[in-house]
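**Q** Below is one structure. I have some questions about it.
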Amino acid sequence: MYALDFLFIAFVYFAACHIQEKPVRAQEVQLPPGQECQMTPVIHILKHRGCKPKAIPSFACIGKCTSYVQVSGSKIWQMERTCNCCQEAGEREATVVLYCPDAKNEERRFRKVSTKAPLECMCRPCGSIEESAIIPQEVAGYAEEGPLYNHFRKSF
């Protein structure tokens, strides 16, 4: 009887050691076509108090990314979590002029406002992007192409 208990305990111990040596990876789940994270053209309505709203072409990051929770391969009493979100990988800045008819001063009838658009989109760990990741469009090579050409500033 004790020999069977010993063999069972030894089997469980060696199985646990074997599991801990092999890293366990999450199963890749393919999203249906068209649902992956991608940069999508949108119309952005810029608003400022006292000014007329202005519609401009822009981009947004839209789509789904894989997230999961599973038992840890190295610590079977713990769970591993991975959360990915469809986010921008860098940003572009633009300055747009809005017409403000209610301004008392003639000089303030046209107000410059800044806006941002993603440079590209990708699945990244959920959280906010660092301000240092913003790349001026001249560096990114977008200064002379695309629907945003007239909206983005040409020099700093």
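Cβ coordinates are placed from backbone N, Cα and C, and glycine is handled just like the others.
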**Q** In Swiss-Prot, CYS86 is listed as disulfide-bonded to which of the following: CYS17, CYS37?
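**A** Between CYS86 and one of CYS17, CYS37, Swiss-Prot records a disulfide, namely with CYS37.
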**Q** CYS126 pairs with which of CYS61, CYS65, CYS83, CYS100 in a disulfide, per Swiss-Prot?
**A** CYS83
**Q** Of CYS51, CYS61, which cysteine does Swiss-Prot list as the disulfide partner of CYS100?
**A** CYS51
**Q** So, in Swiss-Prot, which cysteine from CYS61, CYS65 is disulfide-paired with CYS121?
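**A** Disulfide pairing in Swiss-Prot: CYS121 with CYS61.
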**Q** Which of these, CYS65, CYS85, shares a disulfide with CYS123 in Swiss-Prot?
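**A** So the cysteine that Swiss-Prot bonds to CYS123 would be CYS65.
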**Q** Report, as a single number, how many Cβ atoms besides its own are within 10 Å of the Cβ of CYS126 (disulfide bond).
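**A** Here the count is 13.
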**Q** Using Cβ atoms only, which residues of the same chain lie under 8 Å from CYS121 (disulfide bond) while being at least 6 residues apart in sequence?
**A** CYS37, GLN38, MET39, CYS61, ILE62, GLY63, CYS86, GLN87, GLU88, ALA89
**Q** Just give me the nearest neighbour of CYS83 (disulfide bond) among the disulfide-bonded residues CYS51, CYS100, CYS123, Cα to Cα.
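**A** Nearest listed residue in space: CYS123.
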**Q** Tell me, if you would, which residue among CYS61, CYS65, CYS86, CYS100, CYS123 (disulfide-bonded residues) has the fewest other CB atoms within 10 Å in the structure shown?
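**A** Each of the disulfide-bonded residues CYS61, CYS65, CYS86, CYS100, CYS123 was scored by Cβ atoms within 10 Å; lowest is CYS100.
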**Q** For CYS100 (disulfide bond), which DSSP three-state class applies?
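**A** DSSP assigns CYS100 (disulfide bond) to coil.
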**Q** Could you tell me the C-alpha distance between CYS100 (disulfide bond) and CYS126 (disulfide bond) in angstrom, no decimals?
**A** 38
